[in-house]
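S.K.: According to Swiss-Prot, the record shows the following:
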type	residues	note
BINDING	C53, C56, C59, C108	[4Fe-4S] cluster 1 binding site
BINDING	C63, C98, C101, C104	[4Fe-4S] cluster 2 binding site
COMPBIAS	187-220	compositional bias 'Basic and acidic residues'
DOMAIN	43-73	domain '4Fe-4S ferredoxin-type 1'
DOMAIN	89-118	domain '4Fe-4S ferredoxin-type 2'
REGION	164-220	region 'Disordered'
Amino acid sequence: MGFFDPYKGFGVTFSTMFKKPTTEQYPEYKKETAPRFHGRHQLNRHPDGLEKCVGCELCAWACPADAIYVEGADNTETERYSPGERYGSVYQINYLRCILCGLCIEACPTRALTMSNDYELADDSRRDLIFTKEQLLAPLAAGMEAPPHPMRLGSSETDYYVRDPDAPLPWQVTDEQRAAAGGSDSSTDRAADVIDRRTAGEHSRADEVPAHGAGSERPR
């Protein structure tokens, strides 16, 4: 050990005194996350409250940590939870295993699963870190109805995915607007326009429920 070695160590300590601290006074002050931060998952809903999850289990197959468990079930005319033939009756995410990689989000064909800005997942109970469907479902927004209930946006599953996201919802259209339209149904024309815009990469996602947490609606 040389004579000047201790002074070199003091120099490193002295230089760090002028650097911006990287720690936060948590939980009094919380660090703002990036807009596309990979936090806790959320199961999204359609504008009428039906669930977007169709119980296909692709997210569970894509998970490299085997953290997702899904059980699908069939919808009936008396009990409908999603527009499709099936829905996710059981949905669990084990955050003791989850690595928050986002591969499940990419695998989801209906945009039912997204990731929020919520990162507060610490707990003193292993059981409480296995989130159930009720914990992951997005809260009901204005105009939504808790399932089960019939389809409100159309008569088939296709109406939910080809409709214009920027168009008013059926229960938002006034009698005056219907009269001005001459009573004609232009849903076919709107659907064709939506398909053309999505093909051109100009699609809108205004109908997605904003994720929980610090951020508002997440860019997609």
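Even glycines carry a Cβ here, placed using N, Cα and C.
It should be emphasised that the depicted structure is a prediction, and the values quoted were computed from it without experimental measurement.
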S.K.: Near C53 ([4Fe-4S] cluster 1 binding site), how many other Cβ atoms are within 10 Å of its Cβ?
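M.R.: Other Cβ atoms within 10 Å of C53 ([4Fe-4S] cluster 1 binding site): 28.
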S.K.: Could you give the residue numbers and ranges of same-chain residues that sit at least 6 residues beyond the domain '4Fe-4S ferredoxin-type 1' (43-73) on either side and whose C-beta is under 8 angstroms from one of its C-beta atoms?
M.R.: 80-99, 101, 103-114, 133, 136-138, 140-141, 143-147, 149, 151-153, 160, 169, 207-209
S.K.: Find the one among the binding-site residues C53, C56, C59, C108 whose C-alpha lies closest to that of C98 ([4Fe-4S] cluster 2 binding site).
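M.R.: That would be C59, nearest by Cα distance.
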S.K.: In whole Å, note down how far the CA of C63 ([4Fe-4S] cluster 2 binding site) lies from the CA of C56 ([4Fe-4S] cluster 1 binding site).
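M.R.: Cα-Cα, rounded: 14 Å.
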S.K.: Cβ atoms within 10 Å, counted per site: which of C56, C98, C104, C108 has the most, among these binding-site residues?
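M.R.: Compared across C56, C98, C104, C108, the most Cβ atoms within 10 Å surround C104.
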S.K.: Three states by DSSP: which one describes C108 ([4Fe-4S] cluster 1 binding site)?
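M.R.: It is coil.
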S.K.: How many Å lie between the Cα of C63 ([4Fe-4S] cluster 2 binding site) and the Cα of C108 ([4Fe-4S] cluster 1 binding site)?
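M.R.: The Cα atom of C63 ([4Fe-4S] cluster 2 binding site) is 11 Å away from the Cα atom of C108 ([4Fe-4S] cluster 1 binding site).
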S.K.: Check C59 ([4Fe-4S] cluster 1 binding site) against DSSP and tell me helix, strand or coil, would you?
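M.R.: Note: C59 ([4Fe-4S] cluster 1 binding site) is helical by DSSP.
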S.K.: So which of the binding-site residues is most packed in, judged by how many other Cβ atoms lie within 10 Å of its Cβ, out of C59, C63, C101?
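M.R.: Top count of Cβ atoms within 10 Å goes to C59.
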